[in-house]
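> One structure, pasted below without further comment.
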Amino acid sequence: MSRDRFRSRGGGGGGFHRRGGGGGRGGLHDFRSPPPGMGLNQNRGPMGPGPGQSGPKPPIPPPPPHQQQQQPPPQQPPPQQPPPHQPPPHPQPHQQQQPPPPPQDSSKPVVAQGPGPAPGVGSAPPASSSAPPATPPTSGAPPGSGPGPTPTPPPAVTSAPPGAPPPTPPSSGVPTTPPQAGGPPPPPAAVPGPGPGPKQGPGPGGPKGGKMPGGPKPGGGPGLSTPGGHPKPPHRGGGEPRGGRQHHPPYHQQHHQGPPPGGPGGRSEEKISDSEGFKANLSLLRRPGEKTYTQRCRLFVGNLPADITEDEFKRLFAKYGEPGEVFINKGKGFGFIKLESRALAEIAKAELDDTPMRGRQLRVRFATHAAALSVRNLSPYVSNELLEEAFSQFGPIERAVVIVDDRGRSTGKGIVEFASKPAARKAFERCSEGVFLLTTTPRPVIVEPLEQLDDEDGLPEKLAQKNPMYQKERETPPRFAQHGTFEYEYSQRWKSLDEMEKQQREQVEKNMKDAKDKLESEMEDAYHEHQANLLRQDLMRRQEELRRMEELHNQEMQKRKEMQLRQEEERRRREEEMMIRQREMEEQMRRQREESYSRMGYMDPRERDMRMGGGGAMNMGDPYGSGGQKFPPLGGGGGIGYEANPGVPPATMSGSMMGSDMRTERFGQGGAGPVGGQGPRGMGPGTPAGYGRGREEYEGPNKKPRF
């Protein structure tokens, strides 16, 4: 009432933004009120100021709703209102059916409105009573009988029923007659199915027809439609009590309603748009990276009728997305269903719990996770990702989380939820039998089945067992025990027992903490000692390896030395063999020479004489001749000199001797005759080529002792 009284100007059965009433009753007239000829159920066209609107008039009390349409509008606006906004002077017919689009919530369906936008439930009121909205409120009438038609200002904010006639074209002459108060009231917007009149189609920005029941009342004028489809009751002169409010439907009822009134094409389009918008809203309920159709999205539905079918059970949850796994036990009256995300499951649980179905109240709860494990003794450095990675070797994981305190520090506990029971059983058995480590520290994790408790719904009164013990215990209401009474004494004993349990738990926790600290210190010392032993063993291993490598190196060097010695010995032996062979060859050559010399040295005198020349004439003048030797002359005859041979000319003899003395070669240049060859006797030009060969016998070693 406090904020809405600024919105209602004038009486009548109009909605929030009805300004101005009938002329006779004298309601507060707005400066943009329609002229006297305008009707209630007609859309507003271009209009101009009426001929009688000249000056302000005093406020008049609002008229009754049945006389609102018969009274002419007041001719003066309130004195506190500002001067009116002047519209363009020329008529523009296309502005009649093109009002601006109303503000709509993306999560709400469209509502039944007239050509003007209707504010939502949470829309802000006008700034003050002296400054009304800039949109001129009208009752939806054709252009009045002013001097000239004017274009329509921004559209009116009152609602029009779906069955209203279409807007009339602008005219500058005769005004149309308004409908009488005694005539039939406008049809309500809640009537399903196609309306009798043409569909109240919106303009380029106008909303569609209403979808929700509860349109404007027949006797109270058109009411303001809320986003849920319910009209706002008028505050003054309406057919509903002042300040009356209606209950808004829940979230899912706002999205799923019956077909809207109007043609079948409009209904199908609206149904498609609603389904698309609803699917988009469902997709927004899923968190980024959240897995779909998990065990956390599984709902338990109890107290089901015995004759329920699977299709009916699915239709019950169809508005919350496509259901996944469905199971129904008709004999015991319960079932399970798996939805897409946890948020959808929470919405379905909140809306369908305690819903009556064939005389039974449905009980909807989250199903217990049959494949969840509790993990304890976690290191402070284990995160959700590491926990999931570590346990993913046993099977697919739906969720793995490390429980933290209010400051975000790890409590050493975690929860791992598998997708199937065999994987959870395998992880439990493997971790119980073996030692499963997650970090470097030898701190094994302890795996146990998760104890699942319901801390959301608890135990409501309707689910408590009404047995005789329950009746006996509930006879006395809650109270504080009086001092000195029986219940006070035993209550104190109960409290002392609880205190003793608390102390013992604290002592056990303290002992366990000390034992853990001691084990950690021992483990740290043992770890350091173990590391030292490992280093020692590694050093010994390296030393042994080094010694072995040295031995191998020594052996290799010894082998190389032996090979070098063998090679040297072989080389020495080859050299000795070569030297021996050379000596043998030299000895053999020497023997051959000696043999040749010995054969020449032991020649008989006749053969030597034949080789050296006859008559002994060769020894004359020769240093190797008989004149220089101490042995007797070899040649025959007494005198072998030049004097003994007077027949030899001196020049020839001297030339022959000179030629033989000047030779540098051991043998002659001519053909060497045989050793025993016999040349011509005598000296002179007829001396053979091998003449000087006989001189070699004087150079041999066997001839040296003769000197």
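Just so it is clear, glycine is given a Cβ too, placed from its N, Cα and C backbone atoms.
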> Annotation N6-acetyllysine in Swiss-Prot: match it to one of K472, K502, K559, please.
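With Swiss-Prot as the source, N6-acetyllysine is noted for K472.
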> To which residue among R245, R572 does Swiss-Prot attach the annotation omega-N-methylarginine?
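Per Swiss-Prot, the residue annotated as omega-N-methylarginine is R245.
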> Among R505, R611, R695, which is annotated omega-N-methylarginine in Swiss-Prot?
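According to Swiss-Prot, the omega-N-methylarginine annotation belongs to R695.
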> Can you tell which of K338, T368, R571 has the least company, meaning the fewest other C-beta atoms within 10 angstroms of its C-beta, among these recorded positions?
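Among the recorded positions K338, T368, R571, the lowest count of other Cβ atoms within 10 Å belongs to R571.
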> Near K338 (SUMO2 cross-link), meaning Cα within 10 Å, which of Y293, T368, R571 (modified residues)?
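Checking Cα-Cα distances against K338 (SUMO2 cross-link), the modified residues within 10 Å turn out to be Y293.
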> Round to the nearest Å and give the CA-to-CA distance linking T368 (phosphothreonine) with Y293 (phosphotyrosine).
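About 15 Å separates the two Cα atoms.
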> As a test of the contact definition, list every same-chain residue at least 6 positions from Y293 (phosphotyrosine) whose Cβ is closer than 8 Å to its Cβ.
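Y293 (phosphotyrosine) has long-range Cβ partners G324, E325, K338, L339, E340.
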> Tell me whether R571 (dimethylated arginine) sits in a helix, a strand or coil according to DSSP.
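In three-state terms, R571 (dimethylated arginine) counts as helix.
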> Should Y293 (phosphotyrosine) be counted as helix, strand, or coil on the basis of DSSP?
coil
